[in-house]
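See structure below.
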Amino acid sequence: MAAVFDDIRLEDIPVDDVDMQDLEETYAVERSIEFDRYVVVDGAPVAPEAKVGALQKVLTKLFSQAGSVVDMDVPVEEGRTKGHLFIEFEDAGAARRAIKMFNGKKLDVKHRLWVNGLDDMERYGRPDFSTEYREPVVPEFEATEYPRSWLQDETGRDQFVLQKGEMTAVFWNRNNLQPENVVEPRRNWSNSILNFSPHGTYLFSFHDQGIASWGGPQFKRLRRFAHPDVKAISMSSTEKYLVTFSSEPLEVSDEPNEACPFGPESRGHQLCIWDVATGVCVKTFALPPQQQLQWPMVKWSFDDKFCARLGPGAIAVYETEKNFQLLGGKVMKIEDVQDFSFAPKGIKLASNRPNDPPSTVMVYWTPESNNQSCKAVLIELPNRRVLRTINLVQVTDVSFHWQNQAEFLCVQVDRHTKSRKTIFTNMEICSLTAREFPFEKVEIKDRCMRFAWEPNSDRFVIISRSENVNDNPAIAKNVVSFYAPEKKVDKKGVIIDKELSIFKKWKLVRAIDGKFSNEITWSPAGRFVCVAAIGKIGSRNENIDFYDMDYPNTEKIINTATDVNATLRDVAHINYASATDYEWDPSGRYLAFWSSAWKHKAENGYKVFNLAGAIVREELITDFNNFFWRPRPDSLLSNSEKKKVRKNLKEWSAHFEEQDAMEADSATRELILKRRNWLDEWSKYREACKQTLSESGLSICDCVELSTKDEDCELVEEIRETVVEESTEEVPFFEE
């Protein structure tokens, strides 16, 4: 009989110091099944057993969009499916993508799929799992300041930002007067540069933890975008989405974390798309290994309905309104595609009906192969209809230049000779509003280095360079060429309105050789263009040239062609040896050049020029880093309203001159304000007198007409005879 010890309990015996490693290794149960690769699908059609194969085929094709499907089990009971099934994917990432893509998706009119992970079933089956609906806690609404408040400035001033060392300041532009602070200067506002959104609504700053957006009259922080170590950002066309890129892949835990904006499916990704208004991450991408990256990596359509990115042998187009799903459920497979570009505006295609919305147009190009020539292809989205294809030969590179209104597209084709020793450029210019999209070829003997369309116009400027000249850097080899459409004349010799002429032929207005210029920048308002030499610090050849393409005095123009829609005049020539960057203000009246300490330490500061090339303001600032204007949204005025403003420009000019005088001199300001007060007092006195007289039945300046208009006038007719010449002549007399 075994001994019994009533005073000894089993739980009191210490076992923590007992080594049971050998027992754990001996009896360890290996988990051979990875349950995170399985998903459970509810809501599937209940079908006869004979149609299970067809059902599996349909669902396999659907779920293959998330990843490779290894197996699909469809339970059958009493000769019919049970309405749910189990799917095994190749890896856990594919299973998570399937849950995200297809949970709640309508399969047809009567069936909606509900997708959950197999691991979730264990959690749902626990006794402590509550099935009671809990209404989510909605955070209280926080009113924000008007993000476009700077547009309400009474004098219509623009804003600009200066960065000096650790300090950043935002100013109102006051022409040649001292700038006025918008907010107090801030220290360490950003780790590096700051960026405005395309229309100036948001200001973005860089930080170790991610990106922050700022806005409103006081530039308060609006949202945070938690993406560590961001290197570059870009914005969508309508400012709805923000794209961030980090060189470090995302590290995401498997455990749910409300503070983390990323799910497990984003692990290892480096590219993120955010909703700017809410701060929510809507899409992430992994980058292809060992591939040269081109920024921006994500490009947007004019209305943000589509975004696309380039991949190996394909272009992936996503529909933003459908949770960033692939257009048509698949990528556009294009063998060896090199680059693509969206039209910056919607295009009214000639083949469409008048009431049809503007079309989204994309262009891409593929290089030459053994059996095919180089091609540039215009397509329409979302139907992927090919609008026009041009075939090219002996091509080295292709680049696209859109006119800002998407009326014209220049396909710049860099071609090589048969010996491949020399490269020259052809420009294929397409008119996108004309039927059948005609292309006009402009041939250049040299290689084009820069190309720039005039805003809202059909003229352009290029900088080219011959590859057959001396390589001595001290010799100016660049050529600046100005192009404009040829004037068209009807049979009677009358010039046809350039707005009515669809088929255009571009001609060289003037070519200016022997230049060091390497940058072209047009005024946003058009007409004026600046050509500059930037980058060679300390060089005497760093010059800035201003040109007017519509100079009114034809005696001073420098055209070599007269039958073109341009009258070219060189306005100013300026030397600024330390300039590193430049930017026009949104109005197109001022052009700022600056010297950044991020690039060199010589004469850091900025200079602002007007259209005539005169300096409006300049400052030398030690440790000066950056200068940039705040952009403006597109004008809301119609063409007729703009014409009305131009018609009354003299009246507006007088008003603006008065405002400028008031800002320039305090004494003048006081005098103008006094005169305004006197005028107001006189107007009030006159109204009071008018009211008093009206009560007596009289009106101001009552008078009795004493005579009619005809009675006041008397017609006097005077006849004068003047003898011009008098002579005497003897006339023979004939009798009858």
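Residue numbers in this text run from 1 along the chain shown.
Glycine residues also receive a Cβ, built from the backbone N, Cα and C atoms like all the rest.
Features of the protein shown, as given by Swiss-Prot:
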{"type": "DOMAIN", "residues": "37-120", "note": "domain 'RRM'"}
{"type": "REGION", "residues": "1-219", "note": "region 'Sufficient for interaction with PIC8'"}
{"type": "REGION", "residues": "1-94", "note": "region 'Sufficient for interaction with HCR1 and TIF32'"}
{"type": "REPEAT", "residues": "140-182", "note": "repeat 'WD 1'"}
{"type": "REPEAT", "residues": "186-224", "note": "repeat 'WD 2'"}
{"type": "REPEAT", "residues": "226-244", "note": "repeat 'WD 3'"}
{"type": "REPEAT", "residues": "245-284", "note": "repeat 'WD 4'"}
{"type": "REPEAT", "residues": "288-328", "note": "repeat 'WD 5'"}
{"type": "REPEAT", "residues": "332-375", "note": "repeat 'WD 6'"}
{"type": "REPEAT", "residues": "443-483", "note": "repeat 'WD 7'"}
{"type": "REPEAT", "residues": "511-557", "note": "repeat 'WD 8'"}
{"type": "REPEAT", "residues": "566-604", "note": "repeat 'WD 9'"}
{"type": "REPEAT", "residues": "616-662", "note": "repeat 'WD 10'"}
Touch test for the repeat 'WD 10' (616-662) and the repeat 'WD 1' (140-182), at least 3 Cβ pairs under 8 Å: yes
Cβ-Cβ under 8 Å with the repeat 'WD 6' (332-375): same-chain residues at least 6 beyond its ends: 237, 294, 299-303, 305-306, 308, 310, 313-317, 381-382, 384, 387, 389-395, 398-400, 402, 404-406, 409, 411, 432-435
Distant-in-sequence neighbours of the repeat 'WD 7' (443-483), which means Cβ under 8 A and at least six residues beyond its ends: 399, 401-405, 407-408, 410, 412, 414, 422-427, 498, 504, 506-527, 529, 531, 541, 545, 547, 549, 565-566, 568
Long-range environment of the repeat 'WD 5' (288-328) - Cβ separation under 8 angstroms, sequence gap at least 6: 65, 101, 232, 234, 236-238, 240-241, 243, 245, 271, 273, 282, 334-337, 339-346, 358, 360, 362, 364, 381-382, 384, 406
